[in-house]
Amino acid sequence: MSNNEDPINEFVSNGDSFEKVKQRLKDRSKKVAQTKEILSKQANQTKEILSKQAVKIAKQAEEHESFINKVTHLLGVLGFGGFCFLLGARPQDIPYVYCLFFFIFVPLRWIYYRFKKWHYFLLDFCYYANTIFLVDLLLYPKDEKLFMVCFSFAEGPLAWALIVWRCSLVFSSVDKIVSVLIHLLPGLVFFTIRWWNPATFEAMHPEGTSGRASWPYVEDKSFLFTWLFLVPLVAYFLWQLLYFLIVNVLRRQRLLRDPEVMTSYRELSKKAQKANNVWWRLSGLLGDQNRMLMYILLQALFTVATTALTVPIFLSYELHAVFQILKVSAAVWNGGSFLLDVMPRQVILKEKKKSELQPAHIQQYHSEPKQDQSPNSMEIRMKTIHSAEEQ
């Protein structure tokens, strides 16, 4: 009898232990859910606090906008002058200046763009290419093939984007300075490494040889074509695929929910539609529903064409030097156009908005005609008052 009861007792005890384990799992899941809820609340509170602080800082910056612009202009001019001096005095240090610039200003730009809902701009090709530049300069500075790929990016799509998209060198705007330097600095870096770096000179003029070598060493035309044209295009199409998957597939619903979030396509199509220019007409060749596809095709054609132009630039020092002057001149010219044509209109619009936001009674006070304060008018008023008192 006892033998028969043992399995029953064991079964009951096992059942009790199973219930206990089940209860423990429920308790743990409740605790996890509570912890998640607490963390989400804390995250939302932190986000609200940060957004309030950001709005407060933005308002304070707007109040002192004139002073901030003057300080930015001063520092921008001094920094650009110092960079030009360093470019002539110690060209071998220019890559380190570029790396320092990238590690300081790109994270700051992400914070600023995140607040403005522009952070998807940091998925653009220029940031992808700049990341590859950092890998080359910091990890593989003597890799000739990677250098040629980076050279093709820097003096191809990035350099011509500076000209075609009219990036403006405006020293009073940190955002515009950073936009220009992201496209301009890489080309200057690889120009100095290619032609002005003392280490490159040693490789080009090795001791004990009468002939002139080159760095990077180009074996034949097929080698040049492969590493200056084909491989960069493969890397570009890889970026295009990743960009499409992230923006148009993975984050599609997020972008549809919030039309204020900007991407490069949204920004360019918005400007092109407003101006009704050639880009807007070209992007509509396949219909409005296929504008995104046309934008990708046009960008691919632009990349292929500008990448092909890097081959003669790579082979000629004179042509490469002239191209540097062309890029800087275009950025300065666009900056002058912005200061003389665009900025005055922006100032007028800001003043108009400020006047519209003023209280109605202040506007009424300013709109009322002022009374004549001349001595004759004052005398007439005094006589009128006295005569009224006598009556």
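Residue positions begin at 1 at the first shown residue.
For all residues, glycine too, the Cβ spot is worked out from N, Cα and C.
Residues annotated as compositional bias 'Basic and acidic residues' in Swiss-Prot: 380-391. Annotated region 'Disordered' per Swiss-Prot: 354-391, in sequence order. Taken from Swiss-Prot, the feature topological domain 'Cytoplasmic' covers 1-66, 114-119, 166-172, 248-294, 340-391. The feature topological domain 'Lumenal' is assigned by Swiss-Prot to 88-92, 141-144, 194-226. What Swiss-Prot records for 67-87, 93-113, 120-140, 145-165, 173-193, 227-247, 295-315, 319-339 is transmembrane segment.
Scored on C-beta pairs under 8 angstroms, the neighbour of the transmembrane segment (227-247) with the top count among 93-113, 295-315, 319-339 is 295-315.
Along the topological domain 'Cytoplasmic' (166-172), the predicted structure has mean pLDDT 92.
Through the fold, the topological domain 'Lumenal' (141-144) approaches residues 95, 215-217 of its own chain, all at least 6 residues removed from its boundaries and within a Cβ separation under 8 Å.
As a quick check, the transmembrane segment (173-193) and the transmembrane segment (93-113) clear the bar of 3 or more Cβ pairs under 8 A, pairs 6 or more apart, so the two touch.
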